[in-house]
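Visitor: One structure follows; several queries about it will come next.
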């Protein structure tokens, strides 16, 4: 019965502010305010810290679509063969896999803030190598370096924000910062058709330089400092994030007690994830990464021009419409996540992706049978817009938010590495197999993706916990049965 009472609130929709009120009936003096110190307003330092994550994910979005936009220019200027350019385009995924492999250990070993320094070094090195490249080797090195930075960003960004943001702001701030990947892609689509590939790389350096500047002002994650035993630095970082006049004693005590308790239990090793108390968390984290990756987002990122051309749509027009449409969709997700919760938006997003892929598949099916030739291109465009809009407000960022929230800090590094690897492996599988599937059946390809998205709706409904309105310590205690 105790286990049911602990787990159940995270699996049903509820108002989180009522969680701690069960023992406070009849107390009008504020006894139920035990969780209130964790409710905070945004401080300047918190905004700057969020901006750092936003810059790194914005760059990641630009990196993802760069090879699609620069293809004709690079092949013409540097004389690359199709095979050489294919290596250039795909090597980013290899870099991201390497970054994912070391992301958890690196972030735990040197800290979240120092990892951002490494991310920015990889980003700047990558863009500069592409800008000054005269041949294939420097070009590939630059793309590999950008992939390494993006692979690290996918883990350190959401983990850092989850650890520094108050529970009442966490969903919105994380959603805004992580959705910058969509903005980066949209911005590149908007300008990529009108400028050269070198100029596009130069513009890609701008958010990296802003990231470099802001890194001088942000604090280290207080929870990571507590984990490694730096008590004075922990209290100073927490005070900076909350504001100089804020009372941080309650939250500081809660974090220290919980972290000390976790440190006594186990070290952060990959095998610890397969203990019984973590199995459900691993299923949720890995499952979300599988659904997100195999549902095909990188198909639309890497092969959008091919999809538009095959559907009879102008690539330039398609890029512009997609870029404009993604912006309100992303804003919508950020504004709703702390109101309706993670699970609701994830299910709505997965259903929207399912519908978008189905419409795209239906348009190619009509085209294959020469039915409604005037309608099929419009249907394909609507399908792409519905898919990408749905991805932007939910499946694009929320799986990373949940992964960064549900794992305790004693296994967060290993869990993050595993989830990050699964995400990039699935992305590689989808991007590698797309051309083969598309040649086999253009309609069938999108129907397969639609089925995966449909499975995602059921997966989220049955297994994914709701985490809105909870501190990280409350989430971990409820999900892993650890008593302080």
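Numbering starts at 1 and runs along the chain as it is shown here.
From the backbone N, Cα and C atoms, a Cβ is placed for every residue, glycine too.
The annotation region 'Disordered' is assigned in TrEMBL to 16-36. According to TrEMBL, the feature domain 'Major facilitator superfamily (MFS) profile' maps to 42-468. According to TrEMBL, the feature transmembrane segment maps to 44-65, 85-102, 114-132, 144-161, 173-191, 197-218, 278-304, 316-337, 344-366, 378-403, 415-434, 446-464.
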Visitor: Short question: most Cβ pairs under 8 Å with the transmembrane segment (44-65), which of 85-102, 278-304, 415-434?
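Guide: Answer, by Cβ pair count: 278-304.
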Visitor: Under 8 Å for C-beta pairs, could you tell me which stretch among 197-218, 344-366, 415-434 has the largest tally with the transmembrane segment (278-304)?
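Guide: Against the transmembrane segment (278-304), the leading stretch is 415-434.
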Visitor: Against the transmembrane segment (173-191), which of these stretches has the most C-beta pairs under 8 Å: 144-161, 197-218, 316-337, 415-434?
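Guide: It is 316-337 that shares the most Cβ pairs under 8 Å with the transmembrane segment (173-191).
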Visitor: Going along the chain, which residues at least six beyond the ends of the transmembrane segment (446-464) come within the CB cut-off of under 8 Å?
Guide: 280, 283-284, 287-288, 291-292, 294-296, 299, 342-343, 346-347, 350-351, 353-355, 357-358, 360-361, 364, 383, 395, 402, 437
Visitor: Please give the average pLDDT for the domain 'Major facilitator superfamily (MFS) profile' (42-468) in this predicted model.
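Guide: A mean pLDDT of 88 is what the model gives the domain 'Major facilitator superfamily (MFS) profile' (42-468).
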Visitor: Can you name the far-off residues of the same chain, 6+ from the ends of the transmembrane segment (378-403), with a Cβ under 8 Å from a Cβ of it?
Guide: 154, 157-158, 162, 170-171, 174-175, 178-179, 181-182, 284-285, 288-289, 291-292, 295-297, 300, 304, 307-308, 311-313, 318, 321-322, 325-326, 329-330, 332-334, 336-337, 342, 345-346, 348-353, 355-364, 366, 415-416, 419, 446, 456, 464-465, 467
Visitor: Are there residues at least six beyond either end of the transmembrane segment (344-366) with Cβ under 8 Å to its Cβ atoms? List them, or say none.
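Guide: Residues 13, 288, 291, 295-296, 307, 310-311, 333, 336-337, 372-373, 375-377, 379-380, 382-391, 393-396, 398-399, 442-447, 449-451, 453-454, 456-457, 460-461, 464.
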Visitor: When you look at the transmembrane segment (415-434) alongside the transmembrane segment (85-102), do they share 3+ Cβ pairs under 8 Å, ignoring any pair fewer than 6 residues apart in sequence?
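Guide: Counting Cβ pairs under 8 Å (6 or more apart in sequence), the transmembrane segment (85-102) reaches the transmembrane segment (415-434), since there are 3 or more.
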